[in-house]
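What follows is a short report on a single structure.
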Amino acid sequence: MGFSVSITGALVIVLVCISGMCSAQLSSNFYDTSCPKALSTIRSAIRSAISDERRMGASLIFLHFHDCFVNGCDGSLLLDDTSSFSSEKNSHANNNSTRRFEVIDEVKSEVESICPGVVSCADILAVAARDSSEAVSFNFVKTLG
């Protein structure tokens, strides 16, 4: 009897913890007060990069996918190797598949120039992928009926 009560109690605690994580909300206006020009700066830089090379959009979406695939969308794919750290960027699995890191580096530099230390690399990569998909998609309206 005592064993089933402790199992039930443990399950209740786990469910309460999980429900808190499930109710977390992302916000499209997160940087509106801390860095109001962040999203427009990212969008402008991405559109410029895509206008220079149309395939850039697919490369940036692919880069975001690879960042999110292993341990979540944490920007770890953007880290460079050091003497004590071997990064995902140069791993055998990503060799010759992920590319266009320099575009994200340029966007990060632009964002840092207007809001130093505010916008994360992971957020820049996510917004760049979003803006890339918008920039390369067909924009037309089809009415129903």
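Backbone N, Cα and C atoms are what each Cβ position is placed from, and that goes for glycine too.
TrEMBL annotations: computationally assigned, not manually curated.
Residues or ranges marked as active site, proton acceptor in TrEMBL: His66. When secondary structure is read from DSSP and collapsed to three states, His66 (active site, proton acceptor) falls in the helix class.
In the three-state DSSP reading, Asp74 (Ca(2+) binding site) counts as coil. Listed in sequence order, Asp67, Ala122 are the same-chain residues at least 6 apart in sequence whose CB falls under 8 Å from the CB of Asp74 (Ca(2+) binding site). Feature annotation from TrEMBL assigns Ca(2+) binding site to Asp67, Val70, Gly72, Asp74, Ser76, Glu88.
A C-beta separation below 8 Å, combined with a sequence spacing of at least six in one chain, links Cys115 (disulfide bond) to Tyr31, Ser34, Cys35, Lys37, Ala38. The disulfide bond feature in TrEMBL is assigned to Cys35-Cys115 (among others).
The local packing around Cys68 (disulfide bond), expressed as other Cβ atoms within 10 Å of its Cβ over all shown chains, amounts to 17. Residues annotated as disulfide bond in TrEMBL: Cys68-Cys73 (among others).
Positions annotated as domain 'Plant heme peroxidase family profile' by TrEMBL: 25-145. Counting residue by residue with DSSP, the domain 'Plant heme peroxidase family profile' (25-145) contains 67 helix, 2 strand, 52 coil.
The signal peptide annotation in TrEMBL covers 1-24.
The least crowded of the recorded positions Cys35, Val70, Cys73, judged by other CB atoms within 10 A of its own CB, is Val70.
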